[in-house]
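Data first, discussion second: the structure below is written as structure tokens.
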Amino acid sequence: LCHRYLSAEGPADLRRLFHRLTIASSLSILCFSLVYLLTGCCESELTENSEIKSPVREFLASGSGWPHERNGTGAGEGAPGSGHPGLEGNSSGKEWTATRRLPQALIIGVKKGGTRALLEFLRLHPDIRALGSEPHFFDRHYARGLDWYRSMMPKALDGQIVMEKTPRYFVTVETPARVHAMSRDVKLIVVVRDPVTRAISDYTQIISKTPDIPSFESLAFKNRTTGQIDSLWSPLWIGLYAQHMERWLAWFPRTQIHLVSGERLISDPAGELGKVQDFLGLQRIVTDKHFYFNKTKGFPCLKKPEGSSKPHCLGKTKGRTHASIDPDVMQKLREFYKPHNQRFYQMAGQNFGWQ
């Protein structure tokens, strides 16, 4: 009897046990699935956020060195791994891109006026991207075309001004029309200096390269006895600023041409740089805190740039001792330039005070 009872009850117990195990297993699987889904979503969200924020952090971190990094002109600039911002994308597909553009501003002259100093001072500004070398596109390499010219420019972000300097542009007859054909809105900067001291500086540079040339006095005159000046001799011809300025004003309004005093660029570099930054529509970031006067060289130098342990002065070719010139010749040259200077002052709307 007992045996028959156990036999009858056994299958029912097993069915109940199996039913309970089935319910428990289903609950376990359901709980596990819920946990998996919840943790998976959180992980996905964290991953997505980190992908968005990572380039932003890199973008902000790299910005600390922009005033110097962005104005470098080394090879491979802007390439991946070069340290320049603007070449990485985020997860939304947007990119901070630096591209090569035609210049929006040109330092067009004059030779031995202070163009190199002005360029180096301007390159401190984070919103200026300037080519370090002189491309001579509009006077020597125009046949290469605008695509070649663009390829020479440093890469720049939106909002940055691309510029270059070639002092020969100011005196080359064909250049104003060629620049206008590229852009009628380009901003033009001319650094001018007392034409007599500019001519002597020019001659000093010439004899440093070709010491055997004739004296300044013999080259400056067609006839020393009659005192007739040779105005076609390059060091003197460049100083005929009114003649050259007239050609530029035939193509560009006066408001697009900014004149920098070479003398004040030495005595008050921050003041002259402030006016140039205003002309370019930029915030005045380069100020007097960036300069100190080097008594040995006789012109301003930059204080210690970021990431450098030494102050930065222009090269050995700048600040040369001028050749000694006969005072009578100097006086004759001042008399020769006087009417030309007066005409230039009228064009410029200011008196540069050259005696």
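The backbone N, Cα and C atoms fix where each Cβ goes, glycine too.
Nobody curates TrEMBL annotations by hand; they come from automatic prediction.
Among the features that TrEMBL reports, active site, for sulfotransferase activity is placed at Lys112. Taking all protein chains in view, 24 other C-beta atoms sit within 10 angstroms of the C-beta of Lys112 (active site, for sulfotransferase activity).
Annotated 3'-phosphoadenylyl sulfate binding site per TrEMBL: Lys112, Gly113, Gly114, Thr115, Arg116, Arg193, Ser201, Lys318, Gly319, Arg320, Thr321, His322, in sequence order.
Taken from TrEMBL, the feature compositional bias 'Gly residues' applies to 73-86.
TrEMBL lists Cys301-Cys313 with the feature disulfide bond.
In this model, the domain 'Sulfotransferase' (103-340) carries an average pLDDT of 91. Taken from TrEMBL, the feature domain 'Sulfotransferase' applies to 103-340.
Per TrEMBL, region 'Disordered' is recorded for 67-94.
Each of the binding-site residues Ser201, Thr321 was scored by how many other Cβ atoms lie within 10 Å of its Cβ, and the smallest score goes to Thr321. Put simply, Cys313 (disulfide bond) is 18 Å from Ser201 (3'-phosphoadenylyl sulfate binding site) when counted between their Cα atoms.
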